[in-house]
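As written in Swiss-Prot, here are the features:
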| type | residues | note |
| --- | --- | --- |
| ACT_SITE | H71 | active site, charge relay system |
| ACT_SITE | D116 | active site, charge relay system |
| ACT_SITE | S207 | active site, charge relay system |
| BINDING | H40, E91 | Zn(2+) binding site |
| DISULFID | C37-C167 | disulfide bond |
| DISULFID | C56-C72 | disulfide bond |
| DISULFID | C141-C241 | disulfide bond |
| DISULFID | C148-C213 | disulfide bond |
| DISULFID | C178-C192 | disulfide bond |
| DISULFID | C203-C228 | disulfide bond |
| DOMAIN | 31-252 | domain 'Peptidase S1' |
| CARBOHYD | N169 | N-linked glycosylation site |
| SIGNAL | 1-26 | signal peptide |
Amino acid sequence: MATAGNPWGWFLGYLILGVAGSLVSGSCSQIINGEDCSPHSQPWQAALVMENELFCSGVLVHPQWVLSAAHCFQNSYTIGLGLHSLEADQEPGSQMVEASLSVRHPEYNRPLLANDLMLIKLDESVSESDTIRSISIASQCPTAGNSCLVSGWGLLANGRMPTVLQCVNVSVVSEEVCSKLYDPLYHPSMFCAGGGHDQKDSCNGDSGGPLICNGYLQGLVSFGKAPCGQVGVPGVYTNLCKFTEWIEKTVQAS
């Protein structure tokens with residue numbers, strides 16, 4: 001399944017004016033220098049599909065709710081759960097679910113991607129299993145140096161599509177370094193990870209995908225600087241510890 005085109009290319013010029021070098025949204029995200037995930041080792045991973053093409057990722061955080069990046073917003077969604085390969089028809093243990101209600105964070109700032117998260121309500125609850133399972137959101141904010149796992153189906157470093165879900169470990173970068181690298185775009189709703197000498201990174205096909213730290217959902221793929229996988233240039237993630245109250249209230253109210 002091919003990734004859709006970059007939905008935020010319309011404001012690339014604005015971003016280039018703000019920061020030396022061009023930036024790219026995670027919404028065509030590739031996993032750089034990662035490897036095949038163990039099958040169904042990330043049972044919370046969701047694929048947001050439109051016209052049979054992956055356009056973003058998401059994370060199952062409740063039997064009827066998926067968390068994703070706000071810049072992935074659409075009027076309706078087909079969401080794949082329990083998937084390892086996007087090429088397999090009716091993969092055992094998988095489920096395709098429709099969704100028509102999504103709630104973007106009220107302070108989401110599209111040009112700058114601050115507060116870049118939204119909740120998508122599935123039309124029906126899913127039954128959790130070995131291949132489909134929700135994950136808890138971290139209540140503690142990330143610590144610099146922590147090793148975390150990011151996953152996705154986007155393009156590989158060689159430009160080819162992976163046949164199965166890809167995983168890569170990246171380290172959290174300090175707020176001081178992150179804010180300097182992405183000034184003036186940086187916002188407290190963001191944090192950085194990656195940018196090490198191993199050039200491991202998330203990048204263009206996977207906005208809204210999960211960053212898992214210590215078994216908890218710590219962040220969502222948001223954006224980064226092109227080309228991906230540069231030494232000293234980490235990717236940017238939505239800092240979910242800042243939004244636990246909003247997420248809980250939104251789920252309860254709907």
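The backbone N, Cα and C atoms fix where each Cβ goes, glycine too.
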Between C72 (disulfide bond) and H40 (Zn(2+) binding site), the C-alpha gap once rounded to whole angstrom: 24
Set of same-chain residues at least 6 away whose C-beta sits under 8 angstroms from C37 (disulfide bond): H84, S151, V164, L165, Q166, C167
Which recorded positions sit within 10 Å of C56 (disulfide bond) - Cα, from H40, C178, C192: none
Candidates H40, D116, C148, N169, C192, C213 (recorded positions) with Cα within 10 Å of C241 (disulfide bond): none
For the disulfide-bonded residues C213, C241, the one whose C-beta sees the most other C-beta atoms within 10 angstroms: C213
Most crowded position, judged by CB atoms within 10 A, among C56, C72 as disulfide-bonded residues: C56
Candidate recorded positions H40, H71, D116, pick with smallest Cα gap to N169 (N-linked glycosylation site): H40
Winner by Cβ contact number (other Cβ atoms within 10 Å) across the recorded positions E91, D116: D116
N169 (N-linked glycosylation site), number of other Cβ atoms within 10 Å: 16
Inter-residue Cα distance where the pair is H71 (active site, charge relay system) and D116 (active site, charge relay system), in Å: 7
Closest of H40, H71, E91, C192, C213 to S207 (active site, charge relay system), Cα positions, recorded positions only: H71
DSSP three-state assignment for C241 (disulfide bond): helix
Site with most surrounding Cβ atoms, counting all protein chains shown within 10 Å, from the disulfide-bonded residues C141, C148, C167, C178, C192: C192
Candidates H40, H71, E91 (recorded positions) - the one closest to C192 (disulfide bond) by CA: H71
